[in-house]
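Enquirer: Okay, handing you the structure first.
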Amino acid sequence: MASTASPATSAAAWAFAAATCVKLLLVPTYRSTDFDVHRYWLALTHALPARQWYTDASSQWTLDYPPFFAYFSRVLSLPAPLVDATLVSIPVPDAPPFAHLLYLRLTVAFTDLLLLLGSVLLLARDARRRQRPFLALVLVLWSPALLAVDHVHFQYNGFLMGLLLLSLYFLEQGWDLAGGVVFASLLCSKHLFLVAAPVYFMYLFRHYCCGRGVVKGLGRLVLMGSGVAAVFAVAFAPFVYYGQMQQVFNRLFPFGRGLCHAYWAPNFWVFYIMLDKILAFLLRRLGFNIAIPEASFTGGLVGDSSPFAVLPKVTPITTFLLVILAMTPCLVKAFSNPQPKHIIRWVSYACTCGFMFGWHVHEKASLHFTIPLALIAMDSLNDVRHYFLLSIVSCYSLFPLLFENQEYLIKVMLLLTYAALMWVGFTSHFAANSDQEGKKVNRPGSTVKNGFIGWVGLSYLLGIAAIELWSQVFHHHVFGDRLPFLPLIMVSLYCSLGMMYSWMWQLVCIVRHT
């Protein structure tokens with residue numbers, strides 16, 4: 001046991017230390033308005049009583065995360081006055097001093113310890129993953145998408161993903177009650193993970209409650225329900241007591257924001273929007289009187305009006321039904337054959353369905369499935385091929401988030417370095433395991449020497465380079481200041497092709513192999 005634990009511990013320490021050094025170098029980089037949001041929430045939860053957290057409207061940065069995240073912000077605020085008392089005062093300074101920036105950046109880096117814990121536990125759980133612990137940890141901790149979103153743009157996704165991985169670890173161990181309770185805690189921290197709830201419900205109902213006799217099964221159902229209910233009670237009971245649940249609900253689910261975010265997430269709705277625009281253009285050229293709606297997808301706030309000229313209006317309930325429909329094969333598998341070894345793949349697929357067909361999806365939500373899939377990326381050669389392409393597409397789709405010139409080389413180097421590490425790590429991994437995976441690798445047409453992504457995948461990745469070259473060099477020379485949104489549309493549309501491929505690949509994999 002010690003022989004396997006020691007390399008894993010050493011790998012974890014090196015991978016986390018190196019990632020932390022990169023994070024420290026990113027402290028002075030660009031920060032989005034999300035930094036201002038979390039800075040205000042830190043002050044809000046410290047300076048005001050809980051009864052005012054969801055009713056305070058003195059700032060535009062209103063609290064719109066569930067209560068556990070508010071409690072989390074409150075905990076982070078406790079040492080803040082030792083650094084600078086204005087960190088937790090309301091109103092917050094318009095121009096944050098460097099002490100504010102450093103403190104908040106360090107809280108993100110520190111809470112990434114939960115991501116490290118979840119990753120290490122899952123790697124130690126499976127013998128195949130223990131073979132290359134350093135590479136597997138690199139895929140998670142050095143993810144350029146995670147570094148860009150959390151440590152430049154500014155969010156706490158590493159902490160939240162750590163909760164998800166910890167829940168998945170408990171499920172893989174067979175500790176279903178603990179896995180369900182931790183997942184409930186995650187939902188009370190960030191409600192966007194609700195998309196994985198149907199898979200959790202099906203799996204836990206069948207694996208934990210069924211097949212053990214009626215009495216014992218009912219007992220376990222009550223126990224699981226009580227555990228989850230207790231978590232939600234701790235989170236929401238104060239706001240029920242204050243009579244604020246309607247206000248909390250409106251903050252958590254602002255459906256008036258519209259189908260798409262200001263920058264279109266690379267999902268199914270990009271194709272739907274583009275088809276509507278093409279049909280409207282063609283019909284107008286043919287003489288039809290097609291009214292172009294005033295609402296714009298690039299505005300991000302389309303309210304209840306339909307922004308489509310030709311195609312039917314899309315409502316929140318429509319997207320919900322599409323997500324459930326897309327998820328159905330996975331739910332059937334989780335119900336009919338609930339095996340712990342497949343839970344990471346099932347939950348990742350559920351999050352992918354939410355990303356592809358959900359309402360007002362942010363491009364950052366791709367982290368919800370790329371991070372878990374990194375831990376099973378080396379399970380097979382096909383998984384390697386899929387993850388290599390997916391991780392690059394996911395990261396590139398986030399490029400528009402870091403739009404300032406001084407961050408351009410940072411995001412490019414993060415992506416290129418990660419791609420090079422994947423290439424070297426994956427090829428050496430399969431070459432070193434010739435007695436197992438190597439036999440598959442050495443089949444005609446599937447060798448590492450010939451490239452593990454194939455000519456189609458390579459051509460697609462070269463297309464990303466071509467789009468980036470057009471966006472940075474040729475677009476301005478061709479159009480000048482006209483059509484400034486065109487490069488963003490090209491990135492979104494092209495990355496949507498890669499994301500659609502990933503969704504279909506995961507679906508086929510689940511139907512055939514789980």
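Backbone N, Cα and C define each Cβ position, glycine as well.
Owing to the predicted nature of the structure, the values given are computational and were not obtained by experimental measurement.
Residues annotated as transmembrane segment in TrEMBL: 102-122, 134-154, 174-201, 221-242, 262-283, 290-311, 317-336, 384-403, 415-432, 452-471, 483-504.
Context for these features, please: burial, neighbours, distances.
Expert: For the transmembrane segment (102-122), same-chain residues at least 6 beyond its ends with a Cβ under 8 Å from one of its own Cβ atoms are 8, 12, 16, 19-20, 23-24, 26-27, 35, 38-39, 42, 76, 80, 83-84, 87, 129, 133, 136-137, 140-141, 150-151, 154-156, 158-159, 161-166, 168-169, 172, 344, 371, 375.
Same-chain residues lying 6+ beyond the ends of the transmembrane segment (134-154) with a Cβ under 8 Å from its Cβ atoms: 11-12, 14-16, 18-19, 22-23, 26, 29-32, 34-35, 38, 104-105, 108-109, 112, 115-116, 119-120, 123, 161, 364, 366-367, 370-371, 374-375, 377-378, 387, 391, 394-395, 398, 401-402, 407, 410-411, 414-415, 417-418, 421-422, 425-426, 429.
Residues of the same chain lying 6 or more positions beyond the ends of the transmembrane segment (174-201) and with a Cβ under 8 Å from any Cβ of it are 65-69, 72, 160, 163-164, 166-168, 207-208, 223-224, 227-228, 230-232, 234-236, 252-253, 323-324, 327, 330-331, 334, 340, 346-347, 349-351, 353-354, 358, 365, 368.
Tertiary proximity for the transmembrane segment (221-242) is limited to same-chain residues at least six positions away from its ends with a CB under 8 Å from its CB atoms, namely 50-51, 54, 66-68, 176-177, 180-181, 184-185, 188, 204-205, 208-209, 248.
If one looks beyond the transmembrane segment (262-283) by at least 6 residues along the same chain, the residues whose Cβ comes under 8 Å of a Cβ in the stretch are 290, 292, 297-300, 308-311, 314, 322, 355-358, 361-363, 365-366, 393, 397, 400-401, 488-489, 491-496, 498-500.
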Enquirer: Could you pull out which residues elsewhere in the chain have a CB under 8 Å from any CB of the transmembrane segment (452-471), counting only those six or more residues past its ends?
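Expert: Residues packing against the transmembrane segment (452-471) from afar: 381, 384-385, 388-389, 392-393, 396, 399, 426-427, 430, 441, 487, 490-491, 494, 497-498.
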